[in-house]
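Working notes, structure below.
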Amino acid sequence: MEDALEPEKKRTRGLGTTTKIATSRPRAPVLTTVPPTQGQTAAPKVPKKTGPRCSTAVATVLKNQKPGPAVPAQKPSTAAAPPMVGGKKPGKRPAWDLKGQLCDLNAELKCCRERTQMLAQENQQLRDQLREAQQQATALGAERRTLEEELARVRTQAEQGQQELGNLSARVLELEERLGTQEGLVQELQKEQLGLQEERRGLAARLEEQERRLQASEAALSGSQAEVASLQQKTAAQEALLAERDERLHGLEMERRRLHNQLQELKGNIRVFCRVRPVLPGESTPPPGFLLFPPGPGGPSDPPTRLSLFRSDERRGTLSGAPAPITRHDFSFDRVFPPGSGQDEVFEEISMLVQSALDGYPVCIFAYGQTGSGKTFTMEGGPGGDTQMEGLIPRALRHLFSVAQELSGQGWTYSFVASYVEIYNETVRDLLATGTRKGQVGECEIRRAGPGSEELTVTNARYVPVSCEKEVEALLHLARQNRAVARTAQNERSSRSHSVFQLQISGEHTGRGLQCGAPLSLVDLAGSERLDPGLALGPGERERLRETQAINSSLSTLGLVIMALSNKESHVPYRNSKLTYLLQNSLGGSAKMLMFVNISPLEENVSESLNSLRFASKVNQCVIGTAQANRK
């Protein structure tokens, strides 16, 4: 029996303990009265800082809780309490009163069962409350997570707001700085505006003044328009008069050219000038009366045209030793230049002839004479660059450039092309050659410019356009270096070749369709001395002899050509010499020719001087037909 009741006692003790725990708690909501049991998860803690939504949820849970039934607090006992007798607790039954003990136990068992049933009901209520609390906790957990997510989002938004706040603060600072700058600019603009307003007022005043002046100008304009109309009529009349005068000027220019050419023809298409060079330092002075220059036909005021040379004839001396008689030789030319004549005086006499070349007439000027008589000085001038010593070539080109510039105002345009060659031993050389072609022989030949053309050109020779004096000076300097010279008994620097400077002149008047062109040839001939006086000494004797023979042959051919032209012969021997062949277009009937015969003032050169003067006299007696201008 006791063994059967032992488990029941244990259960009773367990229930008593549970009852004690349960009855010892006060009546309160489940969340505060139910302790966590083993195997159950404690409800999640609610954050301390909760928003309005969290407070509302907790209040809702507390509202839904129902208070459980009140359970009287009782202490469990091991046996039923004996009935009280006279208000006193009965004593313990004796051991032999088993029935009484059994009754007590049954009564106690019944009481325990009732209490167990009551506790089971209360436990079930507590379980229902726990389940409801767990559901509420789950809902609160989900709501907490939602709130946490919202809190994280709010924090993120707060961080973004802080960042935006920082950016906005920097932007505010920047805008404040820009505002300060703009304020400074505004102040400057205000100052400028004040200045502009002041200027506007000034301009307004000026505008008013200008308007008043404009009104006055308009009034004057109306009066000027009538005057302009009158001036236009006068201008038209002036233009007509100008065109008439231009036509008249052109006619006068043509008349001037005709009269100029007629004047030159009256002077002769072949003219001879004689020039006597002065005595140079170191030379013996000739005896008085050796050379005389009688005055011109009009008296001492006219330039001399005659020359008298006195020579003693030693062949007619007597055995008695009496002095040989003196023979007088008289010569007459178009002009004679005594030793004191300067280069400017010489050029002044031929400037009109140079003008004929610009008018379209071929012109050729020779310098003839023995070596050392001043031919090169006459044509090219002296060294040193002194303008007073310049020869005919630089002076002639300066004159041509100047006149061409003047004629440009009348509608004429001119171009000039220069060439400079020498004829040495019947071989043509280019004096303007440079580089590898310098000094080469046999490359230059005289050829026709084209089939049926009368113009002659030198192949492989340089033809250089020139337009100013400096270009001409450079060409003369180059030619002077390239020219063949050699020492002879007559001159230490003797020219042993004929140098031919040719300037092709081309003019055009586009307004009237007129063209003209002609060559100007300036020739410095080689020394004309005979063989014995000019014979060189030394190992080059044969070469000097051949040079002298070639020079004298070409000079003789030049004389024959001039005589044939004067006699109107059908055949003119131009091709007998390279010199005459090259110059044939400047020697014919349509050309004007001038020869300078240069002689020495020394008595020792009287024989060569007489030969030169006699040759020049023959040329002076020749007459060539009327010249014709080369016009198109």
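Placement of Cβ uses the backbone N, Cα and C atoms for every residue, glycine included.
Sequence annotations record features per position, and here TrEMBL assigns ATP binding site to GLY369, GLN370, THR371, GLY372, SER373, GLY374, LYS375, THR376. All chains included, 20 other C-beta atoms sit within 10 angstroms of the C-beta of GLY374 (ATP binding site).
The feature coiled coil is assigned by TrEMBL to 109-269.
Here TrEMBL flags 269-622 as domain 'Kinesin motor'.
TrEMBL lists 1-53 (among others) with the feature region 'Disordered'.
The region 'Disordered' annotation in TrEMBL covers 66-93 (among others).
As a whole-number mean, the pLDDT of the coiled coil (109-269) in this prediction is 86.
Most Cβ neighbours within 10 Å among the binding-site residues GLN370, THR371, SER373, THR376: this distinction goes to SER373.
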